[in-house]
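Structure first, commentary second.
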């Protein structure tokens, strides 16, 4: 008799998936608010972006905590879990730098805030793609 051993596929739980998926629309909303601010010079768009980034950092921070626990519990410490954790860590760190950039007065946050928002949004999308597949 032959035994077939398979490794179980570990998928993120519903809370982890929700936290992870919550980062993308918030960072994307901040990017769109930065674009609107760059075109209209209405300061309220910068305020929207700041609040959206703050919310995204909360979601990303909790998702990062789940990714760290997943990395510690993983039997194989290389590959996808490490890449996923590092992408989330990079997203969170650059998001924090972006939040500091958005704390500047009026137009002093441009164009660095817009560029950081674009980079963080792309990182969040890639991290979400890896985390949910």
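Here the Cβ of each residue, glycine as well, is placed from N, Cα and C on the backbone.
Given the structure is predicted, the values throughout are model-derived calculations rather than measurements.
What TrEMBL records for this protein:
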{"type": "DOMAIN", "residues": "14-132", "note": "domain 'DUF2231'"}
{"type": "TRANSMEM", "residues": "15-36", "note": "transmembrane segment"}
{"type": "TRANSMEM", "residues": "48-69", "note": "transmembrane segment"}
{"type": "TRANSMEM", "residues": "81-100", "note": "transmembrane segment"}
{"type": "TRANSMEM", "residues": "112-132", "note": "transmembrane segment"}
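Looking at 15-36, 81-100, 112-132, the range that has the most CB pairs within less than 8 A of the transmembrane segment (48-69) turns out to be 15-36. Outside the transmembrane segment (81-100) by six or more residues, the chain places 23, 27, 30, 50, 53-54, 56-57, 60-61, 63-64, 67-68, 70-71, 74, 113, 116-117, 119-120, 123-124, 126-127, 130-131 with a CB less than 8 A from a CB of the stretch. Each residue in the domain 'DUF2231' (14-132) has a pLDDT score, and their mean in this model is 93.
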